[in-house]
């Protein structure tokens, strides 16, 4: 076998892992981000001097390093990682509570009652930004780590059925993008529907360019490919283009608040087509039933047909984004919102079990009903974990007056007489504290980070024999790779640069 064939075989024919293990791995970064915020608050209270280097180091250690460890050497000890992070978080909360500058002589019950009455000010929902960044970081690590032997094969993309950790990447990316799409943010509130559609068409040309560019480069250098993932010519960028166009058309016809109905309708009809028409046979074996790749449809059947499932995921993300961006001022309102999202996630996991037993198990290759339910349920579990962390972090900021954590809510003590004064104090404190934040930087230039990760992954694969790399060497390469990518994005953020192609 050639080196290319060996690498292709190394990432093919896998059956995945359990839904529970993937969910545990997804929730860990949420608690790490909470600990990172608590540490920043405590360090501000003890020593307020922070340089961009120390902030970058803290963010990298709490966001990237645990993800690398979870996907490699600590993959079998995720519960122990959770326990360690929870103990660390509890210790930090205790230290902050002991050093509180607000309600110093109040009992805990009175402090909690007062906290429930405060307002939370933010131009956006921090949990959405963190969700997108976690998914980007996870994807960036996984696309390189999968080529090394230390990456557990059960985490790799599944061949036909199953839930691998990498299977969540594409669905999670589409779900996260949908939550902040222009329709959710009401970006195009003026003008005709034709104007809105024109804007949508204009917005996808960079993705078409990237998709064609990736196709040309991959074919010209003979880079390894997982053929049954999308097909011969199709790739993730083309899926994004089709999803964007179809969902833009759907959201012209249907209101954003009814996106969940559209999502359910699409995926149920798609699953019925898979079960009662030759569609499933077409995806698996082509038009002639022998797995032919002759013709555009046969060559790219997985990528083209699975787009319907991703459209359903996108519409579910639009509904979630619409719910998340509802105006909620007080802490108690966000606690109720978090509870609703968590309850929905649990309901979806129960539905997933029923569907897998009675209909069909999860298949990323077809993006079937079970796959879509799994993606949405896992996304909502991650969101609820991040929201819970944001609420705890807001409580810590409430205890320490003047504490500022980038990419988090700003708690405000409002009163009838000094509401404007309270708001101005928060704004002034925020202006004094520079936004030294890797999460904000990655969220700001997410597409550039994704492109940079793909390019550096390709270069490393061309320069390093990943199949025979030792565990130590693989860990060094992975950390240097992520450090470089994150540093580039961080420097762009420090220079206040947002790179867009449209």
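Glycine residues also receive a Cβ, built from the backbone N, Cα and C atoms like all the rest.
Quick look at what TrEMBL annotates:
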TRANSMEM  22-42  transmembrane segment
TRANSMEM  54-73  transmembrane segment
TRANSMEM  79-97  transmembrane segment
TRANSMEM  124-148  transmembrane segment
TRANSMEM  160-181  transmembrane segment
TRANSMEM  202-222  transmembrane segment
TRANSMEM  234-254  transmembrane segment
TRANSMEM  303-325  transmembrane segment
TRANSMEM  337-355  transmembrane segment
TRANSMEM  367-393  transmembrane segment
TRANSMEM  447-464  transmembrane segment
TRANSMEM  470-492  transmembrane segment
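Here the transmembrane segment (303-325) sits against the transmembrane segment (367-393); at least 3 CB pairs are under 8 Å, leaving out pairs fewer than 6 apart in sequence. Sequence-distant contacts of the transmembrane segment (79-97), counting only residues of its own chain at least 6 positions beyond either end whose CB sits under 8 Å from a CB of the stretch, comprise 24, 27-28, 31-32, 34-35, 38-39, 41-42, 45, 66, 69-70, 392, 396, 399-400. Note: the stretches the transmembrane segment (234-254) and the transmembrane segment (447-464) are not in contact (fewer than 3 CB pairs below 8 A, sequence gap of 6 or more). The recorded stretches the transmembrane segment (470-492) and the transmembrane segment (54-73) share 3+ CB pairs below 8 A when only pairs 6 or more apart in sequence are counted, and are therefore in contact.
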